[in-house]
């Protein structure tokens, strides 16, 4: 046993030496990069690289999945409240004064590349020519006009989306919403083999675009604080932010949740509220809330030991998942940020660049910080508050008559008999937005649709109706044109169907 202990000590000593060498090499490389910064880039580049260094240090310390599966427990009953209970409290007469304490923050760092679009995802048209950003501004403007309030919109951009977003913002200069932006950090991608940055200087245009990445939305706390905007908003008397992904069209300001935060029934305010919703089979990979070491904790699939992944995905054991709609106290962000006390697990995201180089990016998730805040709470909200548009299949749903649009908010049509959305799977011919739009002369009537699968070279004429389960498969080399005015109910269409103009 003595020799075993000695060899273990030797191994850990050896690993420690390697760690120190890696950290030293990283520091040398980062200093070289910093030396290429111009005087006006120096300050923020320094802050970015400092933040990256801390993350890299933690990455070298941590090994394997970051949760001990044996310690995971179901959250206590009262730590996840049903939305109905919160809504049942009603609203106070002075709801406007409560609203004036709120700031809406949208995570706007993502590009539309997964849907074949260049530029920020928030500028993709989703409904009647309106983009994600248009709908967000309309929602907040409607709120400010209805209650005579001043709820501002804050966009967290990344270096990928900042320029394009700022150009577009000019069109809202006369709207009744103050709009602020700040940028999340810019971190260097790491060569998977050498664990050194692939960037050689600070530039991120041309061939250097692939050298840098925005480090996930967990970066919001540091970037918001560093931008000075957090202090300004606290100075204006703002108390809570409502944070959500800009592509989640269900994430509108909820007055009942806001009232619960500002006027808690037990007099003790929550610093952090996470909206969760019930899992369906489509959400098995979503992060879930658990009780861990007497704190609410978000556990993501990447943190789960391989042997327990199926258990994690089970709908019966973990019934809810995180919608990433979060309500957070500004004063708490400031306090924790100044103490360097926000603890978020590191997500290691492997990528292969165009030239074939394998890199990793170190990221964090905004919801993972829940365990650092006091008196955190989960609220189990209706599924309608989670309406993300990640693919053109999602886009088809939100463009259809399943939803009606009112003041920037989408609500499910009352004509739909059941409140769940149909399952839609569009094949690879529809992946890019421009291809998808070309294949629909108009969006079909989907009020009575349960399931739609489309594969291959398929186009839809005007005024098509889809009901029940519809499966349309054009084999390789075939083409199917669904004629104008067609009604497909519980149909499988395959083979070749051409409509020719005579």
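Each position is counted from 1, following the chain as shown.
Every residue gets a Cβ built from N, Cα and C, even glycine.
Positions annotated as UTP binding site by TrEMBL: 121, 184, 216, 247, 390. Taken from TrEMBL, the feature substrate binding site applies to 217.
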Here the binding-site residues are 184, 216, 217, 247, 390; which one has the lowest number of other Cβ atoms no more than 10 Å from its Cβ? 390
Expressed in angstrom and rounded to a whole number, the UTP site built from 121, 184, 216, 247, 390 spans a maximum Cα-Cα distance of 21
Residues near residue 121 (UTP binding site) by Cβ (under 8 Å) yet at least 6 apart in sequence within the same chain, in sequence order, are 110, 111, 112, 115, 132, 161, 246, 247
Pairwise CA distance, residue 390 (UTP binding site) versus residue 217 (substrate binding site), rounded so that it is a whole Å: 16
